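Participant: Quick one: structure below, then a few questions.
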Amino acid sequence: MESPQARKTGLNLPAGMAERPLQLETFSGSSQGHGSPMSPSKNMLRFKTDHSAPNSPYSPSLFSQDAAYSSDISTPPKPPRKVPKTPHKVLDAPSLQDDFYLNLVDWSSQNVLAVGLGTCVYLWSASNCKVTKLCDLGPNDGVCSIQWTKEGSYISIGTNLGQVQIWDGSQCKKVRTMGGHQTRTGVLAWNSRILASGSRDRNILQHDLRVASEFVNKLVGHKSEVCGLKWSNDDRELASGGNDNQLLVWNQHSQQQPVLRLTEHKAAVKAIAWSPHQSSLLASGGGTADRCIRFWNTANGHQLESVDTGSQVCNLAWSKNVNELVSTHGYSQNQIMVWKYPSMGKVATLTGHTMRVLYLAMSPDGQTIVTGAGDETLRFWNIFPSMKTQTPVKDTGLWSLGRTQIR
């Protein structure tokens, strides 16, 4: 069992006493009430200074030539791609919880980052750095998971009371509330039309917004809290991970029983990622007692490889641009690692978070990741090349409006 919460170490400064000279954004939406221990401070999602970061978000050496990117094995080896060791942006995220079983950060296809902080969900536009408070669940509930639809217009929120709420992200309006879970809903996953939700009640519910019922299917297979859920890229398979150390795979023909029950992990399975480059290739990561990234062929259930990372595996994400993946870690090194596949050679190891890196999301263009931790920061890292080129990224697109504010 993974520890949901860990005590912070070091100085506990009152809100506002830490050095935050770059508090540039203004809020839209109502302000959070005072007095609640989960109330985000006025510095929420403001820039922090990272003195070791490069002046430009795109280091000149960011995307050098990469030998593994070429399929011509007869060419001489080239230097590995250089990945900046420091984040190019750091944002304050007061009250970002240090709970392994929650999923509180997601980045939409419309370039808006959603973050669950206490009882609230905030939206941060990567295009203009504008912060909007989407909602406040009130003093009797809390945000446990968030997930954008693929189109990026609507966002689902799993709550501590077991609800699943659907919100219009642009209008900041709730459009639906669905029940069915008995306790907190810690993980959500959309495919093209179905929303899957996983809960501490051990069940997975499938919701179809086109019908009136609160859920259309219940998947019962885990013996403890469900903390990982990911649909395959073709929407045909759903992988689920739990605190029972199991990785289950479901499809449309397995309404009552999983088609695969993979039990090699020795700790909770939160980190799950399907390869966008090869069908039926699934990666999963285990918690503190396991520390391994395992690769599976879901067509036959065979384990293809296992790599001991040395630390609790909290998240996995596959690059859509190159055949690499990124993992984030907790005990004991709190690191971020970039791997080549299938060699599993290390491209980069990134450090900076002072607590376990529980949250991970990727930018729409697939070049940047954001990581979050109980140290109450969100850190933005440029780790992957663009889809068609490995030359340095020009200042047009994702960060063109925001980077000039970081000096």
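Cβ coordinates are placed from backbone N, Cα and C, and glycine is handled just like the others.
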Participant: Checking feature assignment: region 'Disordered' per TrEMBL, candidates 68-87, 168-187. Which range matches?
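Facilitator: Feature region 'Disordered' in TrEMBL: residues 68-87.
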Participant: Tell me, what is the mean pLDDT of the domain 'CDC20/Fizzy WD40' (91-381)?
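Facilitator: The average pLDDT of the model in the domain 'CDC20/Fizzy WD40' (91-381) works out to 97.
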Participant: For the repeat 'WD' (350-391), DSSP counts of helix, strand and coil?
Facilitator: 0 helix, 19 strand, 23 coil
Participant: Using DSSP, how many residues in the repeat 'WD' (219-251) fall into helix, strand and coil?
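Facilitator: Split by secondary structure, the repeat 'WD' (219-251) comes out as 0 helix, 19 strand, 14 coil.
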